[in-house]
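Asker: Relevant sequence annotations retrieved from Swiss-Prot are reproduced here:
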ACT_SITE  Ser179  active site, nucleophile
ACT_SITE  Asp344  active site
ACT_SITE  His377  active site
BINDING   Arg249, Asp378  substrate binding site
COMPBIAS  1-25  compositional bias 'Low complexity'
DOMAIN    75-384  domain 'AB hydrolase-1'
REGION    1-30  region 'Disordered'
SITE      Arg346  site 'Important for acyl-CoA specificity'
Amino acid sequence: MTDIQADPAVTAADAAQADTSSPTAHQGKPANAIGLVVPERMHFAEPLQLRNGSQICGYDLMVETYGTLNADRSNAVLICHALNASHHVAGVHAEGEVGWWDNMVGPGKPVDTNRFFVIGVNNLGSCFGSTGPMSPHPETGLPYGARFPVVTVEDWVNAQARVADRFGIEQFAAVMGGSLGGMQALAWSLMYPDRLRHCVVVASTPKLSAQNIAFNEVARSAILSDPDFHGGDYYAHNVKPKRGLRVARMIGHITYLSDEDMAAKFGRELKAEDIRFSFDVEFQVESYLRYQGDKFAEYFDANTYLLITRALDYFDPALAYGGSLTKAVAHTKASYLVVSFMTDWRFAPARSRELVKALLDNKHPVTYGEIDAPHGHDAFLLEDARYHALVRAYYERIAQEIGA
């Protein structure tokens with residue numbers, strides 16, 4: 001782990017000494033468990049102006065919260081989600097589904113809900129309850145389908161700001177996200193510089209590389225070429241382009257894992273005892289990818305996949321400044337924690353260092369941690385003692401600032 005910063009260091013000693021003791025929040029479950037959570041559907045009647053020039057008139061956002069908002073509303077943390085995640089950040093739903101960042105958020109965890117009020121928002125265009133392609137169009141009553149407008153990271157941030165308004169939160173203690181969520185956190189610091197104290201960007205990038213855009217295009221092509229796609233209006237045909245979604249997920253999943261991790265998990269292990277000279281599954285890694293693809297195709301929406309990957313492609317805050325990221329971040333007022341993982345080749349550490357350099361060029365306070373974890377891009381979702389210690393120590397600093 002390497003620290004590069006313009007403010008007092010979060011050192012290994014800080015991380016080791018960060019308070020890990022928390023009282024049990026609810027009797028009858030582990031002290032660090034949030035327990036059962038119930039999401040809330042927020043409706044917004046006021047039209048949301050989109051970057052593409054159109055509007056969404058009347059929309060819903062699914063929201064989930066953890067912890068207690070303090071009297072001056074200074075302890076709120078917004079968690080922004082990645083491609084296939086949702087508002088369900090932590091805790092457990094009634095059907096048993098555990099939040100996607102439950103190891104990070106909760107009582108006594110790095111983002112301690114005994115001290116912080118944490119908000120998860122499902123983005124517009126997603127398929128987990130917020131208004132998206134599966135939702136009925138207000139004029140026709142039929143699903144939006146392909147008529148749902150193309151949305152961007154900036155549109156999501158504007159919608160999230162309305163959620164903050166609904167809670168009466170003028171300034172977040174922190175906005176945090178991993179991968180695509182990290183792009184949203186960065187966008188928050190640029191679009192609403194007075195509305196967050198800290199910006200936490202994990203396993204992310206200030207813009208996609210040509211290679212990443214290419215991966216997204218191949219994945220979208222798999223969906224668009226599926227005969228069951230029907231131009232995006234497959235709902236009316238009572239079908240789903242599962243074959244395309246399956247391939248798209250398989251492509252994506254390869255980019256989330258490191259070569260080292262895949263070698264350790266699968267190597268060249270065969271599915272059966274010997275090769276069968278067929279085009280069916282022969283290797284364990286093939287079986288794994290097919291399983292992941294099949295599972296994803298059952299619960300995710302194809303139109304949503306197209307929208308979110310395109311939002312990834314479009315994100316480039318430096319574009320309006322002649323390609324200069326240094327100029328793009330000049331006006332931000334937040335302090336930053338930027339974390340990358342050495343084996344992440346989807347959003348390589350070089351991209352995080354690019355952001356760190358731009359921030360330091362402007363003398364903005366930034367702490368940088370580069371973690372030597374073997375799990376590739378997915379490392380941001382997994383437990384790693386060094387990674388979690390760094391995040392814990394940073395949030396300890398935030399808690400001291402706001403008196404949480």
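Every residue, even glycine, has its Cβ placed from backbone N, Cα and C.
If you look at the structure here, what lies around each of the features I listed?
Answerer: The 10 Å shell around the Cβ of Ser179 (active site, nucleophile) contains 26 further Cβ atoms across the protein chains shown.
Secondary structure at Asp344 (active site), taken from DSSP and collapsed to helix, strand or coil, is coil.
In three-state terms derived from DSSP, His377 (active site) belongs to a helical segment.
Residues near Asp378 (substrate binding site) in space but far in sequence (CB under 8 A, at least 6 apart, same chain), listed by position: Tyr256, Leu257.
Residues near Arg346 (site 'Important for acyl-CoA specificity') in space but far in sequence (CB under 8 A, at least 6 apart, same chain), listed by position: Ser179, Asn212, Thr255, Tyr256, Gly376, His377.
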Asker: For Asp344 (active site) and Arg249 (substrate binding site), determine the Cα separation and express it in whole Å.
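Answerer: Cα of Asp344 (active site) to Cα of Arg249 (substrate binding site) measures 18 Å after rounding.
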Asker: Please give me the CB contact count at 10 A for Arg249 (substrate binding site), counting all chains in the structure.
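Answerer: I count 23 other Cβ atoms within 10 Å of it.
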Asker: Taking every protein chain in this structure into account, which of the active-site residues Asp344, His377 has the most other Cβ atoms within 10 Å of its Cβ?
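Answerer: That would be Asp344, with the most Cβ atoms nearby.
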